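One structure is given here, and the rest of the page talks about it.
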């Protein structure tokens, strides 16, 4: 008896990749139409609602794969070589960016409840970046569009599973709670409350850059376009041809402000590094780059369910249940700690805390300290900045004492034929005479930059950044940059200056001819004796007038909220040095860390000119590239980063604080170099408190053999 030929099974034919997502259910509450992190492509997609049959290939199209019956195909062989950049700094901008990945045929109330902060992983991640980390995200993409699929739904049957759930929905003889539980469990949780009607398949190359919002204005004031510079970095990271010439100085200045950046490709062969070669592989492995959905109510009709006399009632029950399903309470961080009210932002069911009097912070957890201005708080500067209406060069108001250095040193400090000591200013300032509960007044100094000494004012650098609200920036002829208070009602910010010890010296042929020390206590503590009051941090440095100032300043804090292998630069711990001869840098850092999570590792590093210093190499701040060029340093990225000095490992309990120090040496060529401190961790939530970085620079005779080589830059 002859054997009949077996019909060809579906597995014997190649189906179009991801074409089976059309006709699936979709949950708008939990979905992620834009995958910012690159690890969320299937979130939101639910069980199939439509029964897809693959019986034929589309004739004369760009693919030989099988496509579902009653699904139209359009070939879109276009490549967006011109990258597009989005600036995402507000919740409104985030919503617009998110909705570019999806088209929703539904009312406004359903769209407003879509992609909730508490349910959507990408929304949660991005809002935490914008709000909790106070960063601006620059999102750059280039897309390869291959195929568009659209279904003709009237001619496609519903799946037996979906029919079963609707047929058995308790309708008229059950309590409201029983019916609602059934709908939540078997309709929304299995199928969502929308279905996919069309798909755009292709690939996406994307790059995320993160910049602290406090530095954005500084970048703009320098005439730098963040979107243009982000595109340049995008082209470089993916090996794409630049569309215009690149100003390297401007681009390096922009990158100095970038906390972290990473690029990913979705679809195609993601192991290929260059855009041109990667784009050629997208056709064989396309992913969903955009799609459209409709609500499932359109399917609950007598035509679809001719034998169900209660289908209209069931539709009404599902609509009513959906109102409750998407009616989530507005989320505020820590529910405002019971110290404020949670006010809706109007986006993603996310709220912002409006703190009660006496409380502050994103979650109103921090109590506002009663204002205390310590004796020794500095106010005004010479004839440049007035203190309470008086210039310190002349006199100070009641309650303030004058402090400075002798205008001219004693005559017996001069040697024969030696020029007089150069008097470039007396350093006169007003200092608060006593500690009281009032905030310091107009002219109070916050932040200070003068060559080797940098103190930030509430995280802002007076040399390069705009001062906080209620403060004004000042620069003097002697290259002192500072912020001073213009509104007496604003609080004294971190960086408020208090106490001062100045060592003056003049040397000729390495022989001291004049030395002087002036001391001013801060609340009874002398900075020159390495003492500061509680909650103040000692800051010291060398300036151009041969002074070694030591000053107490309110401490800075920085919280690392990411768990990435990209090192994040710590704001404020940066200095730039220019020299004409090769120079040895002895780098030192110390700080305290509070590690809120448990069982994780923290890595510290020095960044030189945007590259990580490790084992006398300057490695790229990109995990894949760093691991590929430094494989000999360790089998994993953590092992490699440990060689740079670390890690700091937390145990089974979070919340403890640790002191940590880091040291390294680098021999750098002539030119200008930017030195920064950075850190990364295997879990989020690490707070650095009062960090300090220092560098000792030494130049040797060019002919001397110091047994050091310049760091390699693989």
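Each position is counted from 1, following the chain as shown.
Placement of Cβ uses the backbone N, Cα and C atoms for every residue, glycine included.
Small disclaimer: the values here were computed from a predicted structure and weren't measured.
Feature annotations, reproduced from TrEMBL:
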DISULFID  332-342  disulfide bond
DISULFID  336-353  disulfide bond
DISULFID  355-364  disulfide bond
DOMAIN    5-333  domain 'MACPF'
DOMAIN    328-365  domain 'EGF-like'
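Each residue of the domain 'EGF-like' (328-365) gets a DSSP state, and the totals for helix, strand and coil are 6 helix, 17 strand, 15 coil. Taking the disulfide-bonded residues 332, 336, 355, 364 in turn, the residue surrounded by the fewest other Cβ atoms inside 10 Å of its Cβ turns out to be 355.
A gap of 7 Å separates the Cα atoms of residue 336 (disulfide bond) and residue 355 (disulfide bond).
Nearest to residue 364 (disulfide bond) in space, judged by Cα atoms and limited to the disulfide-bonded residues 332, 342, 353, is 353. In this model, the domain 'MACPF' (5-333) carries an average pLDDT of 86.
Candidate disulfide-bonded residues: 342, 353. Fewest other C-beta atoms within 10 angstroms, 342. The two recorded residues, residue 342 (disulfide bond) and residue 353 (disulfide bond), have Cα atoms 5 Å apart. On a Cα basis, residue 332 (disulfide bond) lies 12 Å away from residue 355 (disulfide bond).
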